[in-house]
Amino acid sequence: MDRIALMDAPDTDWSAWPAPAKLNLFLQITGRRADGYHLLQTVFRLLDWGDTVHLRVRSGGQIRRVGESLPGVAEDDDLVIRAARLLQSATGAQAGAEIRVDKRIPAGGGFGGGSSDAATVLVALNALWGLGLAADALAELGLQLGADVPVFVRGHNAWAEGVGEQLTPISLPEAAYLLVDPGVHVPTPALFRSQELTRDAAPAKIADFASGSLLDNAFEPVLRRREPAVEAVFQALSRVGTPRLTGSGSGCFVEFATRAAAEQALAQLPGGLRAWVAEGASHSPLLDARDARQV
């Protein structure tokens, strides 16, 4: 362990770090491992919109949350606190941190908010504490927090396999997205237990996605049957494009070639929906924030 990782760090002012949302442009389940985890294939698309994680380094080693970005979630259960403590434990870092999150990404919507926040803490504190861990090491730590964390650590759009941790960077065309949060949350484990879920899809290749033949999400038919609010959103979005589900839901989206087209579609939606527009990113703004501190 590099000695700098074992030293305390001086107190700093607050710094702001982006935690972008993501979309799953398709998602299929191809099998199940011996330990019960499902094997999947998906494409992660990073967005130019998301949460902001504020960090302040504190000497003495204490890690604490400031504010309550997730009402009802105990501090010890908060992914950002768990991420900071995991990094501290893994490296022997003696510095601490205060963490505050400006939440914009809906919790439990499949947009990756919790995972992205955790990844941002890992990447940012690695820089602020002067630890010097490589992306591979940070991604390995992130996997202990959740299968989606590594893609946010690496910061690139990716084809994903395994439980979502086997990542192959891919280039995606520019696009804008109309996003809708139906406002319902179904725990992912309950969806994986559903008898309606297709678990034996034929493994696909990146070329299949590139050809446009992969658009479906295995959780979509399950959620649309179970949740009237999700079905209502799909019906509303079908009037302006082809709606899709992200993650295990319940967030929905429609892809457009330009932001102007997405905003025009947004204006056509009925009132009462929580809807907004975001653009796809070629890479995570978190990487830009990290690199700016290294200059």
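Quick reminder: no glycine exception, Cβ is built from N, Cα and C everywhere.
Summarising the annotation, Swiss-Prot assigns active site to Lys22 (among others). Sequence-distant contacts (6 or more apart, same chain, Cβ under 8 Å) of Lys22 (active site) comprise Phe44, Arg45, Leu46, Leu47, Phe111, Gly112, Ser116, Asp148, Val151, Phe152, Thr246.
Every protein chain considered, the tally of other Cβ atoms within 10 Å of the Cβ of Asp148 (active site) stands at 26. Annotated active site per Swiss-Prot: Asp148 (among others), in sequence order, evidence recorded as sequence analysis.
Following the DSSP three-state reduction, the secondary structure of Pro106 (ATP binding site) is coil. Residues or ranges marked as ATP binding site in Swiss-Prot (evidence: sequence analysis): Pro106, Ala107, Gly108, Gly109, Gly110, Phe111, Gly112, Gly113, Gly114, Ser115, Ser116.
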Would you count the other CB atoms within 10 A of the CB of Ser116 (ATP binding site), including those on all shown protein chains? 29
Cβ contacts of Gly108 (ATP binding site) (under 8 Å, same chain, 6 or more positions away): His185, Val186, Ser250
Fewest other C-beta atoms within 10 angstroms, as judged across Pro106, Gly110, Gly112, Gly114, which are the binding-site residues: Pro106
So, in DSSP terms, is Gly114 (ATP binding site) helix, strand, or coil? helix
